[in-house]
Amino acid sequence: MTNLNEQYEEKVRPCIDLIDSLRSLGVEKDLALPAIAVIGDQSSGKSSVLEALSGVALPRGSGIVTRCPLELKMKRKNDGEGWQGKISYQDHEEEIQDPADVEKKIEEAQIQIAGVGVGISENMISLEIASPDVPDLTLIDLPGITRVAVHGQPVNIGEQIKKLIHKFITKQETICLVVHACNVDLATTEALQMAQEEDPEGERTLGILTKPDLVDKGTEQMVIDILQNEVIHLKKGYMIVRCRGQQEIMQKVSLAEAIEREKAFFADHAHFCSLYDDGQATVPRLAEKLTLELVHHIEKSLPRLEEQIEEKLEQAQAELVRYGTGPPSDAAERLYFLIDKVTAFTQDTISLAAGEELRCGEKLNIFSALRREFDKWSIHLSHTGQKFNARIDKEVAIYEDKYRGRELPGFINYKTFEVMVKEQIKQLEEPAVKKLRDIADAVRKLFLQLAQCSFTGFPNLVKTAKAKIETIKLERESTAESMLRTQFKMEMIVYSQDRTYSNSLSDRKKEESEEEERRKGPKLHKERNCMDNHATLQELMLHLKSYYNIASQRLADQVPMVIRYQMLQESAVQLQRQMMQMMQDKENMEFLLKEDLNIGCKRATLQSRIKRLMKARAYLMEF
């Protein structure tokens with residue numbers, strides 16, 4: 001470790017301190033930070049590895065001993081300096097004077113967070129250790145993976161633990177440190193399987209083999225094959241360590257002495273000595289590798305971390321703008337605050353009706369929806385006209401028999417023409433009214449959405465605006481329906497300017513003639529039309545189609561104009577007028593400005609988030 005500290009003194013500690021500082025700010029609530037998460041099946045030797053790295057005893061025993069994520073922050077001090085410890089969780093922070101007290105303090109913290117028993121919690125405990133005997137390193141210890149619930153444990157304890165582990169190791173910023181006992185088949189290790197699920201390429205997974213002294217004679221080569229990456233490939237590779245066994249703990253073998261025993265074990269081992277020579281064995285070498293891996297991972301993650309902080313900060317600031325600053329306490333200022341709120345809303349309703357950008361920031365556009373609806377109306381008129389033309393061919397002879405009077409053949413019966421035109425146009429009235437109701441409902445929803453956005457956090461203002469929007473919608477819809485029905489009553493007067501009608505009739509005759517020529521030729525057409533009364537009927541059909549074309553064009557414009565004028569322009573103006581009149585009642589001000597209790601909490605949360613993100617940005621800029 002001396003060589004490591006000399007080589008990376010200016011690099012290692014600042015990198016790790018930076019991430020620790022960001023984590024202590026609570027930035028991990030907002031984005032993922034580079035970390036090393038330690039996972040392993042129960043009895044894999046995970047606690048022993050952490051004890052060897054930290055130099056302090058951690059909770060151990062049968063069953064689940066790690067019941068909360070434990071952030072283990074180790075800081076190397078100069079030789080001769082004293083040991084320091086600190087534990088913090090929730091709102092509690094406590095200095096630890098004696099390394100022997102660490103285990104007890106962690107157990108107390110777990111009881112406070114996860115309760116008495118064997119339940120687990122996602123809330124983290126932070127343990128900080130400063131000593132000349134520890135590496136510059138931060139690890140997150142996670143509960144050991146269990147398969148079967150024992151007495152007192154929830155039936156789904158295994159699923160709870162896996163869910164907690166996945167929450168940490170799914171982040172690309174997390175290095176997975178998988179602890180595995182040498183005397184257990186690697187393929188059955190659940191911790192490694194979970195790491196492979198989240199990191200299938202093995203790019204951010206490091207394997208740690210423990211308990212090499214328990215390997216059966218003759219199977220040493222299998223362990224070496226794993227360490228040489230020939231069994232399950234991990235890009236970060238494998239390390240092997242020998243920590244204190246249960247017997248050594250009972251014999252009170254110190255951690256320092258255990259390190260010396262470990263060194264002798266590997267150096268003198270017939271099969272594992274090569275691993276020691278290659279730097280793949282012992283806790284000190286593991287500490288060195290982990291430190292370098294973490295520093296490299298931090299440096300690699302910093303550019304993306306800066307981007308994430310800027311993104312999250314921008315999002316939080318934009319969200320805070322939506323919630324606003326809250327109403328002031330001074331009565332006069334409260335009135336001005338209300339006026340500003342209502343004015344901004346009413347101006348946005350006018351802007352919405354005009355298709356302009358809104359001050360509230362919402363991307364609401366009614367005209368794209370209106371355009372689609374009015375296009376549908378135009379298509380409906382066209383389709384109805386096509387059906388009318390097809391029906392004319394079948395029914396015109398019937399109408400001729402029914403309504404023809406004393407006229408000689410060749411004279412068009414105007415009454416027949418009028419009856420058929422009126423009947424066809426009358427069929428368009430209800431579809432026009434339905435189109436009005438559909439659009440009225442769409443406009444109402446957008447106005448309600450605008451009110452919700454403009455008066456976020458003020459439920460009484462929202463309710464008042466909604467009530468007015470509903471009332472105005474009914475009034476304007478009734479007026480618009482009356483105008484549409486009047487329009488259709490006027491359409492019962494068969495009328496068009498002579499020039500307009502003559503042009504339409506001429507165009508229709510030209511189209512019919514061209515169509516007939518394409519089908520049978522002009523000579524045959526003329527001969528057939530002169531044979532009998534068919535010529536009269538053909539003439540009547542031309543008149544019917546010509547007039548419907550004029551009337552449908554008139555309705556294609558008039559119906560949308562009525563709807564748009566009443567449901568948009570007039571509704572917006574009336575809403576603006578009524579909202580302004582509402583503010584004349586000064587006694588109503590306090591009722592309208594009563595804020596939603598949750599909004600104050602959300603605003604405080606956002607302000608806190610912005611504060612810590614700005615601090616985090618400052619830390620990164622200074623780094």
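Think of each number as a place in line: the chain as shown, counted from 1.
Cβ coordinates are placed from backbone N, Cα and C, and glycine is handled just like the others.
Annotated features, as they stand in Swiss-Prot:
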- 30-303: domain 'Dynamin-type G' (DOMAIN)
- 40-47: region 'G1 motif' (REGION)
- 40-47, 141-145, 210-213: GTP binding site (BINDING)
- 141-144: region 'G3 motif' (REGION)
- 210-213: region 'G4 motif' (REGION)
- 242-245: region 'G5 motif' (REGION)
- 504-527: region 'Disordered' (REGION)
- 506-519: compositional bias 'Basic and acidic residues' (COMPBIAS)
- 537-623: domain 'GED' (DOMAIN)
Quiz item: Which listed stretch (40-47, 210-213, 242-245) has the most C-beta pairs under 8 A with the region 'G3 motif' (141-144)?
Solution: 40-47
Exercise. Go ahead and report the DSSP secondary structure tallies for the region 'G1 motif' (40-47): helix first, then strand, then coil.
Key: 2 helix, 2 strand, 4 coil
Quiz item: According to DSSP, which of helix, strand or coil covers Leu142 (GTP binding site)?
Solution: coil
Practice problem: Would you count the other CB atoms within 10 A of the CB of Gly40 (GTP binding site), including those on all shown protein chains? | Solution: 28
Exercise. Using a 10 Å cut-off, grab the number of neighbouring Cβ atoms around the Cβ of Pro212 (GTP binding site), all chains included.
Key: 22
Quiz item: By a simple count of other Cβ atoms within 10 Å, which of Leu142, Ile145, the binding-site residues in the record, is least packed?
Solution: Ile145
Quiz item: Under a criterion of Cβ-Cβ distance under 8 Å and sequence separation of at least 6, what residues of the same chain contact Lys46 (GTP binding site)?
Solution: Val38, Ile39, Gly40, Thr66, Asp141, Gly144, Val179, Thr210
Quiz item: Taking the region 'G4 motif' (210-213) alone, what is its mean pLDDT?
Solution: 93
Exercise. Please work out the helix, strand and coil residue numbers for the domain 'GED' (537-623) from the DSSP assignment.
Key: 79 helix, 0 strand, 8 coil
Self-check item: Coarse DSSP state, helix versus strand versus coil, of Pro212 (GTP binding site)
Solution: helix
Self-check item: the region 'G5 motif' (242-245) - residue tally per DSSP class, helix then strand then coil
Solution: 0 helix, 0 strand, 4 coil
Quiz item: By a simple count, how many Cβ atoms lie within 10 Å of the Cβ of Ser43 (GTP binding site), its own Cβ left out?
Solution: 14
